[in-house]
Amino acid sequence: CAASRQATCGAACIPVPWLCDGEQQCPDGTDEQAGCECCSVPPVCGVKKVQCPGTHHCIPHWELCDRHQDCEDGWDEEGCPQQPCLPGQWQCRNRVCITADWKCNGIDDCGDSSDEDVCAPCPPGMVRCDEGKCILESLMCNDEDDCLDGTDEPSTCGKLHAAARHYLRGWGLHNCLPAYSCQVCSARVDIGSGDLYWLAFLHLSCPRTHVPCRDGTECVAQEYVCDGEKDCVDGSDEDGCAQLCDTPGRCCSLYPCGLGTCLNASLVCDGRQDCADGSDEGGNCSVPCQRSCARLCYPSPKGPRCWCDPGYQLAEDGLSCTDIDECTELGKGVCSQTCLNAPGSYSCGCLPGYLLEPDGHICKLTGPEPVLLVAVQSEVLSYGLRSGHEEVLLTTDKDRVVFSLDYDLVERKIFWMDLATESIRWQDLNSGKKGTLVKGVRSDCIAVDWLGRNLYWTDGAAGQVLATRLGAAWRGTPEYTVVMDGDLDRPHSLVLQPLAGLLYWSEVGSHPRLMKATMDGSQRHVLLAQELGWPTALALDLPTWRIFWLDEKLGSVGSARLDGTSVKVLHLRWVRSPFAAAVCEGQLYWSDRKPWSVQEVDKISGKSRTVVLKRRGQPHGLQVAVWGSPEPTNGCAKSNGGCAQLCLPNP
């Protein structure tokens, strides 16, 4: 046997991770005999993690010496130096150390609320020290410790100052640093990271789908312009929106005031100033309406104007009215699922299994409450999306991590990837029975075909997509099929569309892309190969016929139709290290490993971010479970398609 990877099992060899994994592989049981608790276990941890001695349990390196016992025997707290907190941590008033990212996240992680007390904004022209005190912005990088902890003088100050001066001289700017008071440029130190940022006029570069704010400090999505909410700090994304009063999507009976607001046309030239600047009165208000308007005419300071009833807009001739197709003009937010245009109006509809809310726009699932299934360390949690009720559905051994997961809605089973034992395991939620589906595999993502009764997974290192039967039982020999091989460049996330017999996956290699194929691996084609960095989390939203992805490298949320058209990308600063994603109704959910949380945003706008779950452990797999038993419709659902072993659907 290969000494580093295999162990002797009678006359055969087994992988070392199968030793002491709770299941007997050797006929004489020697792989599970007494002494397992003290046997040596090879390293199984990834980058930036350490292994608790004698176990498969991996902990992030920042949990070493954090005054909290994370290894069962307390090894991670032995022989620790006497220092306040480790790099990447923040010390609370009660001397507890927390991950620095947890500060100012709206949750009392310290227990004494000190991580949230320091979050009130400093006055203009001042910045906050890491300890909580506010100091003048001009005191940053002045070679004096104005913050008690010295965070206003990071080691990068001198080097970045020199680089900034060199850069700004190229623009003819010589006096911008270190005073930071020039009108044409500014500099700021991020206390947490020690990075120095400077901005020069004409230098801000926004993605193609975004526009710059007037102050030049940030970019916002084009969809956020004139949406009624100020997304730029200076509010410039809502300035000048009066010009949109008479454009499609706005009722054409609105009159633009001079200060950016819209006024009902019936209030114009009525002898009372309704616009704040009085621009709705005076001028040519006395000129009578003598135009041949198809519908109505109203006087205005600019002379008579034609206008139309709600649901109609002026034609190019300025006289006649044409119907507004709200389903197209108002965008995808007008109805959450289906939209039907009608003359002067429109109506929203819902797919089977959904009910239209009283607002006439939003569709909600009927039947049992949808729940989030979330893998956090060695547990799988259930979180009710209506009630907020939390429950631990299953717990594995403490030294094992539940990685990717999925569920079988027919038999109410949860399947998960166990990296420590290189196996895919399952548990029946009704009986509590557990088992192993297949061993000797490693995967970042698994996906259940509840209709064809198969389970698929990706192997990024081997560049493969594989599958096995849901009803398979481990008998000592792996029983699975390679569905796709060859030109796959590090396949990562994987989602299925069982009713259509299709699968979608992301590739995060040198040329990232989103791919699509039938479930038997044929009819492969590229769905998207542009505007991608590391698309690490995929989710399908079948009611709107779209696929969503989160990109770790670009910090973005993207979506497209299932044919690869109508691509939309939003760059969101809180997308940091997404692992898995799911869509339910109007929300996009994802697990993020850096802030150790599950978050949600509005799937269309990317706004209304909320932290749904946060635990002392990294979240990995995530699914939205809607339990039920849909009628099978594909060829493999009945009698396994007549196949003796594995049946893979091909629509």
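Heads up, the Cβ atoms here are built off N, Cα and C, so glycines get one too.
Small disclaimer: the values here were computed from a predicted structure and weren't measured.
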- Message: Candidates are CYS119, CYS141, CYS147. Which one does TrEMBL pair with CYS129 through a disulfide bond?
- Response: CYS147
- Item | Per TrEMBL, cysteine bonded by disulfide to CYS104 (from CYS92, CYS97, CYS119) | CYS119
- Note on the structure: Going by TrEMBL, the cysteine from CYS232, CYS241, CYS275, CYS285 that pairs with CYS257 in a disulfide is CYS275
- Looking only at C-alpha atoms, tell me how far CYS13 (disulfide bond) is from CYS119 (disulfide bond), rounded to the nearest Å. 58
- Beyond the flanks of the domain 'EGF-like calcium-binding' (323-364) by at least 6 residues, Cβ under 8 Å: 223, 248-249, 309-313, 543-544, 585-586, 604-605
- Task: In whole Å, note down how far the CA of CYS104 (disulfide bond) lies from the CA of CYS97 (disulfide bond).
- Result: 14
- Alpha-carbon spacing, CYS226 (disulfide bond) to CYS119 (disulfide bond), which is rounded to whole Å: 29
- When the repeat 'LDL-receptor class B' (501-544) is classified with DSSP, how many of its residues are helical, how many are strand and how many are coil? 3 helix, 23 strand, 18 coil
- Item | Alpha-carbon spacing, CYS147 (disulfide bond) to CYS119 (disulfide bond), which is rounded to whole Å | 16
- Task: Let me know how many other Cβ atoms fall within 10 Å of the Cβ of CYS92 (disulfide bond).
- Result: 20
- Message: Quick check on the disulfide-bonded residues CYS13, CYS226: which one has the highest count of other Cβ atoms within 10 Å of its Cβ?
- Response: CYS226
